[in-house]
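Each remark here refers to the structure printed beneath this line.
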Amino acid sequence: MVWVNRIALVLLCICFAKDCISQSDIRAESGVLDARHWNFQKRLPLTGYWTFHEGELLLPEQIDSVRGTSHFFPAIWKDDSENKQRTEYGTYSLKILLPDSIINMGLEIPQMYNSYTCWVNGIKVASAGAVGKTEKEAKPKWFHQTVTFSTHAKDTLVVVLHISNFHHHKGGSKDPIQLGSSEGISKHLSRAVATNVIEAIILFLAGSAFLIVYIFRKKKVILFFSLLSLTWAVRCVFSNLYPVVVFYPDINWQFLVKTEYLTLYLAVIWAMLFLHHLLDKLSNPLITYTIVALNSLFVIYTLFAPVIIFSQWLSLYLAVAGIVIIYGGYLIIRALLAEYIGSWLLTGSILTGVIIFGYDMLAYNTTFGYNYIFLSTGYLVIFLLTAIALLFHLGILKSQLKRTDVLTYDDFFKKP
């Protein structure tokens, strides 16, 4: 089993490195992006300095007549406002120079904070929620979508984007808009959403199966793994790409956001309790239950506070999440140094989980960007490895391997 974990970790590092270095070197300057030499078989992130009109909602025909400022996109407004005042709405515009041969194109537009409308060459191509100049006019909606359009053989695209935010601590966008061929753009998002949905289905089935096992075996470690799997199954469709919006376009936005936050807090609670009961001779009860108590407070606060209030405290949660990552690494090191027989399968899974969760938090809290397929696959591998380890421990699966290659409770706590 050792070689399985080592290969998984090597692949993880390769995928992570590939994702980091695959960013485009082409960036917009002063509201113009020169893409005449770009290969549009690949997606082009529309990053760089767009023209920005803060506090104005200009129509495409008005853009050239009003002077704007150079503003990096994507950017979170609360971190980027020069006058430190809260930006509530604004207009971005970007001129893109294209190769002559490009006709059918598409945009992949991520979820933004918290509503947007997009035009290409004066034609409205996409929107999410309702952009407005007041809280009453604006209607938030998070929707990751693709749109296709024809360039009509023109060599220039003018993209105009309205964004408004009155309902969340963050404003603007943390992810770039992607430009590519119409076929490539649509296929990429479809694959990513399909991966998300498959991940949710598998985790729901695994969680339900272990819940049934718990009814007969009555071991808390099984219960907490079941709850962790079920919670993460829900989170799969209520975060990142938000597949639930595809199936329920009119879902309440407050409910969507609260579910995303709550599943994150609950997952940490179940994960800490799972580790504590699995590694009770290594785990520190004070640390475990302090983290559980803090996340329980996050759950209660999120249930009753409005989004614009509880979303301000994300940095505090990330600090707690950082403690969890450090503590998880500490348990791994102790287990490996103690040379518990057969510990590689589970510790490899936990180590992969620390890396994947760290990548998830980095992408969520910055403009680093997600590789959604890699992320979903990574989480799925973590849960599957842990589930297999539990099945061996419970005796539900029998192995032809030597005892030292299979993880059981006795192996984990008995030195050779």
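Placed from the backbone N, Cα and C atoms, the Cβ positions cover glycine too.
Annotated features in TrEMBL:
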type: TRANSMEM; residues: 197-216; note: transmembrane segment
type: DOMAIN; residues: 202-392; note: domain '7TM-DISM receptor extracellular'
type: TRANSMEM; residues: 221-242; note: transmembrane segment
type: TRANSMEM; residues: 262-279; note: transmembrane segment
type: TRANSMEM; residues: 286-310; note: transmembrane segment
type: TRANSMEM; residues: 316-337; note: transmembrane segment
type: TRANSMEM; residues: 344-364; note: transmembrane segment
type: TRANSMEM; residues: 370-394; note: transmembrane segment
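Away from its own ends, the transmembrane segment (197-216) comes close to residues 222-223, 225-230, 232-234, 236-237, 243, 376-377, 379-380, 383-384, 387, 390, 394, 396 of its chain (Cβ-Cβ under 8 Å, at least six residues beyond either end). Highlighted: of the candidate stretches 221-242, 262-279, 370-394, 262-279 has the greatest count of Cβ pairs under 8 Å to the transmembrane segment (316-337). Confidence over the domain '7TM-DISM receptor extracellular' (202-392), given as mean pLDDT on the 0 to 100 scale, stands at 85.
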